[in-house]
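Each remark here refers to the structure printed beneath this line.
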Amino acid sequence: MFLLPRFVLVSCIIGSLGFDNPPTNVVSHLNGDWFLFGDSRSDCNHVVNTNPRNYSYMDLNPALCDSGKISSKAGNSIFRSFHFTDFYNYTGEGQQIIFYEGVNFTPYHAFKCTTSGSNDIWMQNKGLFYTQVYKNMAVYRSLTFVNVPYVYNGSAQSTALCKSGSLVLNNPAYIAREANFGDYYYKVEADFYLSGCDEYIVPLCIFNGKFLSNTKYYDDSQYYFNKDTGVIYGLNSTETITTGFDFNCHYLVLPSGNYLAISNELLLTVPTKAICLNKRKDFTPVQVVDSRWNNARQSDNMTAVACQPPYCYFRNSTTNYVGVYDINHGDAGFTSILSGLLYDSPCFSQQGVFRYDNVSSVWPLYPYGRCPTAADINNPDVPICVYDPLPLILLGILLGVAVIIIVVLLLYFMVDNGTRLHDA
């Protein structure tokens, strides 16, 4: 009880000396159990293979290159590897997961399945995909890719229907129409299998619009049926538009099992790759660094849309990306954000990372870790410390209860002692 005024006094003295402990705009970790997924801006192998070895190409401090805690690939992203033939097997595990990738699939690439398609739909797909990845990596330690085997009993093969520039979609796969079918009004099925992981992220996609082929319009219809549990997942085309639509994808989180892919109209699609989620962990928010181009190229904000508290903290620079190696590699602002990976930090919040766990002038929003006591520390001529009143109220209640108990005990013993003297 007598220590409280001293604590407040010491805190005020600290405040008068300028101690503030604000949240910092970095990504960091509580301890050594962390992992980063990235692209060329954190791809140490890419830099090693350039001549000369110019580490200004990266936003990552080269001291982390031998940490064994980075899975990055120049020119790629997790979304790009998930859907397209341009594939890198991102693999990593940690309690605290950080993502700094996504820029290698943006409006700059202008991808769309057909000439009359829509890149806006693919940006929507990107946002939905990363939402599932971020949410699930807050509760899983391990991420990697796995192939999804499937069995189709017809003679038709998969076809590269959806492609643009150098990007060719191969997940999900399109099964071409059988030669004996005169149109796309038919039902067809394929078996596929998920095994070896705790859960999987798989795509379920349709053309949401009137798909034209040989003067006929078709409504896409795709389903996945879990033959072990009887659960069915499905999408049907609901739009009446004939141009400006594209491949709308939902990203399902499925358990291991035997599945049936079913198409009631148009082409059958079946997943060929999945994100493999393994090793459940205590809830730990992921951290995402904005992945964007210099303003000379068009970027998107889909990773920011996907990264929402409480499962995700988003970090961004307030200025244009201007690299020192070239305009898209080696930006000082993003290098500063990644510098937090060089040290441990006790507390994470929506506003940033706190370097100390004692007091702060900022109340941590969606805090995780050992976070500072809320305090508003000011520095006028006479320092004033205004602390969060809740702990003081609770302390007062506890002290009041303790006083009542002591008084009751004293009265009890006094009455009991008086009774004994009277009896004597």
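Placement of Cβ uses the backbone N, Cα and C atoms for every residue, glycine included.
Feature list (source: Swiss-Prot):
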TOPO_DOM  17-392  topological domain 'Virion surface'
ACT_SITE  SER40  active site, nucleophile
DISULFID  CYS44-CYS65  disulfide bond
CARBOHYD  ASN54  N-linked glycosylation site
CARBOHYD  ASN89  N-linked glycosylation site
DISULFID  CYS113-CYS162  disulfide bond
REGION    128-266  region 'Receptor binding'
CARBOHYD  ASN153  N-linked glycosylation site
DISULFID  CYS197-CYS276  disulfide bond
DISULFID  CYS205-CYS249  disulfide bond
CARBOHYD  ASN236  N-linked glycosylation site
REGION    267-379  region 'Esterase domain 2'
CARBOHYD  ASN301  N-linked glycosylation site
DISULFID  CYS307-CYS312  disulfide bond
CARBOHYD  ASN316  N-linked glycosylation site
ACT_SITE  ASP326  active site, charge relay system
ACT_SITE  HIS329  active site, charge relay system
DISULFID  CYS347-CYS371  disulfide bond
CARBOHYD  ASN358  N-linked glycosylation site
TRANSMEM  393-413  transmembrane segment
TOPO_DOM  414-424  topological domain 'Intravirion'
CARBOHYD  ASN417  N-linked glycosylation site
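Projection of Swiss-Prot feature records onto the structure.
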| residue | record | Cβ contacts under 8 Å, 6 or more apart |
| --- | --- | --- |
| SER40 | active site, nucleophile | HIS46, TYR57, MET58, SER72, LYS73, ALA74, GLY75, HIS329 |
| ASN54 | N-linked glycosylation site | VAL47, TYR325 |
| ASN153 | N-linked glycosylation site | ALA190 |
| CYS205 | disulfide bond | PRO172, GLN222, LEU235, PHE247, ASN248, CYS249, HIS250, THR269 |
| ASN301 | N-linked glycosylation site | ASP290 |
| CYS307 | disulfide bond | TYR130, TYR134, VAL286, VAL288, TYR313, PHE314 |
| ASN316 | N-linked glycosylation site | ASN25, VAL289, ASP290, ALA304, ILE337 |
| ASP326 | active site, charge relay system | none |
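Neighbour density around each Cβ, counted as other Cβ atoms within 10 Å, peaks among the disulfide-bonded residues CYS312, CYS371 at CYS312. Residue density at CYS44 (disulfide bond): 20 other Cβ atoms are found within 10 A of its Cβ, drawing on all protein chains shown. Between the disulfide-bonded residues CYS65, CYS113, CYS197, CYS249, CYS347, the minimum number of other C-beta atoms within 10 Å of a residue's C-beta occurs at CYS65.
The 10 Å shell around the Cβ of ASN89 (N-linked glycosylation site) contains 11 further Cβ atoms across the protein chains shown. Fewest other C-beta atoms within 10 Å: among the disulfide-bonded residues CYS162, CYS276, that description fits CYS276. Cα to Cα, CYS113 (disulfide bond) and CYS371 (disulfide bond) are separated by 47 Å.
If you take the CA of ASN358 (N-linked glycosylation site) and look 10 A around it, the recorded positions you hit from CYS44, ASN89, CYS197, CYS371 are CYS371.
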